[in-house]
């Protein structure tokens, strides 16, 4: 409801401003009827002028009445505002509520100044009303309407300021406006004076125990101490106890390989079996259809045991057996009798430092250990050579004719083999150095007399329609097979063209010919 009433007030004020503009626009026209007109013009058709003026006066009267109604409405609204805001403060919007064409644009200000600004605007309304009345009186009392020149009137006295209007009714509560744009950052203030030092704070809680520090770097070595004097010779110690028996010695080297045994006697040869007659060879039948797998037949009777074949040659010697396990240690010997302590010698004088002795010789070998137990049986040796094959057995009966198999599907057509080309382009697919194949080697062509006809024949051998000669293409290596090639352009091969003999040239590889086929 509050927003609708505000819209009505704005429409009402807009219509007031429109009427004020209309009056302002009409007043310059009415200035032609002033008494002090220097050159009064005679009016013809007084009846027509009277009718026009009557209509104009009616319109002015209606406008004045409407303006009066608006003033009364504004007074009621002021009373309502005063009732809502007992302390004289008004909550208003940022845009002006009342503005006139003749009055300065006065915006409503918050709190105490709002009511004063509204009263000032009402006084402007009263002033404009009085001016309209004076203009109306001037029009009605203008002697020119009756073609009578009137005397110039004296200026009227200045009007007294109008009494303040009655406060209007309080208006509806204004809606909350949209959030304004963020203001610009203010200039930084001047740094204030330094405050007094604060009082000493209370002692903080004891912090957690820190992690143990890393180990420090090794310190520098201290100074080398002085060399001490040689100590006195010690007393001869008692004879030590008898040492324990030494460990078993290493396993001895393996013995030499034994002599090969004598070959055994050959066993008696078995009697040969009767040879069967050879059957007639049947005609090869057509490949039959793949038959279904037959039922598994009964197991045949075991055949008569054949005569044993001759005894095979003895097998190779078996692999070396694993070494036997280490024998148990022998029993410890009885301890030796302790020797009597020697007589203490006289303390000798301090001797000089002796020369470092030579390395002693290697001690004698220890007593060999007990013989170990017999080793485990070695793994069996490799299989002997295969015996001689037995004689061929009798030929079996011919089998039954198989059914013809289904005709196989026709195989796919194979890809066409690539034909060997005797010419090629090096350095690109259709542009590069021209090379020919002769005497099982690739070689280049000299560019002497090399022209487009020669290049066209060369490209025709590769399936192109025409070619363009490139002189001094270079970059080749090996043989230079052709020189002074002279084709007419209709040949199918360079072999048909006029040229020097193969390998006869006076060129270097900087003069190798090139082609560009299309």
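Glycine too: its Cβ is placed from the backbone N, Cα and C atoms.
Annotated compositional bias 'Low complexity' per Swiss-Prot: 154-163 (among others), in sequence order.
The feature compositional bias 'Basic and acidic residues' is assigned by Swiss-Prot to 239-250 (among others).
As annotated by Swiss-Prot, compositional bias 'Low complexity' applies to 293-314 (among others).
Taken from Swiss-Prot, the feature compositional bias 'Low complexity' applies to 325-344 (among others).
The compositional bias 'Basic and acidic residues' annotation in Swiss-Prot covers 410-421 (among others).
Taken residue by residue with DSSP, residue 446 (disulfide bond) is part of a strand. Taken from Swiss-Prot, the feature disulfide bond covers 446-507 (among others), and the record attributes it to sequence analysis.
Among the features that Swiss-Prot reports, disulfide bond is placed at 459-517 (among others). For residue 517 (disulfide bond), the count of additional Cβ atoms within 10 Å of its Cβ stands at 23 [all protein chains shown]. In the three-state DSSP reading, residue 517 (disulfide bond) counts as strand.
For the recorded site, residue 487 (disulfide bond), the DSSP three-state label reads coil. Per Swiss-Prot, the feature disulfide bond maps to 487-497 (among others).
Look at Swiss-Prot and you will find 147-426 tagged as region 'Disordered'.
The feature topological domain 'Cytoplasmic' is assigned by Swiss-Prot to 1-48, with experimental evidence given as support.
Of all the disulfide-bonded residues listed here (446, 459, 487, 497), it is 497 whose C-beta has the fewest other C-beta atoms within 10 angstroms.
Looking only at the topological domain 'Cytoplasmic' (1-48), the predicted model's pLDDT averages out at 52. Between residue 517 (disulfide bond) and residue 487 (disulfide bond), the C-alpha separation comes to 16 Å. Taking a C-beta cut-off of under 8 Å and a sequence gap of six or more, residue 507 (disulfide bond) has these contacts in its own chain: 446, 447, 448, 480, 483.
Here the CA atom of residue 459 (disulfide bond) lies 13 Å from the CA atom of residue 487 (disulfide bond).
Residue 459 (disulfide bond) sits 14 Å from residue 497 (disulfide bond), taking the Cα positions as reference. DSSP assigns residue 507 (disulfide bond) to coil, not to a helix or a strand.
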